[in-house]
Amino acid sequence: MSENNFKAQPGRNVVVVGTQWGDEGKGKLVDWLTETAKGVVRFQGGHNAGHTLVINGVKTALHLIPSGIMRPEVKCYIGNGVVLSVTKLLEEIEGLEKAGVEVRSRLRISEACPLILPFHAAIDIAREAAKTRAGTEKIGTTGRGIGPAYEDKIARRALRVQDLKHPERFATKLRELLELHNHALTTYLGSADMQWDAALSPFIVDGKIQFEPVFEQAMAQAEQIKPMMADVSRELNEAHKAGANLLFEGAQGTLLDVDHGTYPFVTSSNCVAGNAAAGAGVGPGLLHYVLGITKAYCTRVGGGPFPTELEWEKEGTPGYHMATVGAERGTTTGRSRRCGWFDAALLKRSAQVNGLSGLCITKLDVLDGLTELKLCVGYELDGESIDLLPMGADEIARCVPVYETLPGWTETSVGATRYADLPANAQAYLRRIEEVTGVPIHVVSTSPDRDHTILVQHPYAA
Ligand code: GDP
Ligand code: IMO
Ligand code: MG
């Protein structure tokens, strides 16, 4: 960074969002940017996220804890927009502590976060199983209970982090929730005939979630997380007033956004930049710069339309190259990620709904060795040409991509840290992405490692 004479503007904040279907490399970039940031906040999603950091060759996978945790001087916040499984949070904290990372004194959790409890995961899994039985297309959720937890929040009946401080209130609300959800589980979702994994089976008898084990576990966990409960909105606003640089860490990606994505094949939260304000408790005026993390090709895990999808299981194909060289396997569920060509029409939709200030292109190195590259610049839909991804899964599924073909490169870009060191054809590929999408590329990532990053213009620079 120093070679660019970079100086951070005090009080300037950056939002990091995924512009495709998630897994663009947000975690790596958040970790890299926290060399400058003093605080990192997650503002939506839950432990469906899987953000991978590689520091000096050592890999860390994070699901709930913000990707600033590997820098001891950085404070981490879980904002009110996140749905929180305390069980998973404590597991993640213990994993980091075993690796020598101090977490508890640096992590602040909003008391307003809705809780994810065992019945949310059971409903999520039972619904997907019911779809399989009915022969309808599954969403391909992570099975973590994300959707059902957001449903309880919007229905104004959720148990929240603050309820953990009030056992009687917690018990009353839990009983009401169990009555409702056990009815749905047994009557509509066939839960009594299902097999449950080791994490859920201690809570379920005859397809019904039991009050006692859920309540006892929650009360025992409450003691552990009480010291981390905080008024996150207040702390972020105070940090900002003191001149700190903050980072808002998005999870999932724009095409998984519940409003702007390929609905209904989406997650249950708003993943777009605008939600960083609502999900953290700051005003929109504090979101100064939006960095769109964008893979140099496309991937998607789970069901739903994907116009530029390639054959990715057949050896010798470009899709197989992306899947294997890019190690495209989910960080959270271990599922294979579907792979396809770069989609600039999709990116235009992302740029529009996020108000992107700049792009970070990741995994450029994965394309090394492909003889030619295709870039989707628009689609044909019902005989008409369009240049912007339509909204809605049905229309997207009918889109036929229109491609430009660009030459690939044989040289390696792995680990490059200067733009000028990239192969000429790689530079031409990046230039074409900028031209077609109209968004400038400010950062390029050339390996999983923190240090293998090319800085064109720093998001925190004045
Ligand atoms: P996130 O969910 O957006 O944080 O992304 P994930 O961590 O789920 O997936 C991105 C994967 O690509 C991780 O395994 C990263 O270590 C890896 N990665 C990130 N940037 C690069 C890059 O520039 N090159 C390569 N080869 N891998 C990268
Ligand atoms: P990160 O933050 C990729 C996908 C699931 C499924 C859909 C709905 O690592 O980019 P959910 O469990 O959220 O109800 O599943 O969303 N999905 C992700 N795909 N990366 C993620 O997170 C994802 N989080 C959810 O595969 O298609
Ligand atoms: Mg991921």
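Every residue, even glycine, has its Cβ placed from backbone N, Cα and C.
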Open item on the list: Record says D23, E24, G25, K26, N48, A49, G50, H51, T142, R156, Q252, R335 bind IMP. Source is TrEMBL. Which of T172, T267, T324 does it list for that same site?
Closed with: T267
TODO: Tell me whether T331 (substrate binding site) sits in a helix, a strand or coil according to DSSP.
DONE: coil
Open item on the list: Cβ neighbours within 10 Å, counted over all protein chains: which one of the binding-site residues G22, G25, G50, G334 has the most?
Closed with: G22
TODO: Inside 10 Å of the Cβ of T333 (substrate binding site), count up the other Cβ atoms and send me the figure.
DONE: 15
TODO: Measure from each Cβ of the recorded positions D23, G50, T333 to the atoms of ligand 3 and list the residues where some distance is under 6 Å.
DONE: D23, G50
Task: Cβ atoms near R335 (substrate binding site) (within 10 Å, other residues, all chains) - done: 13
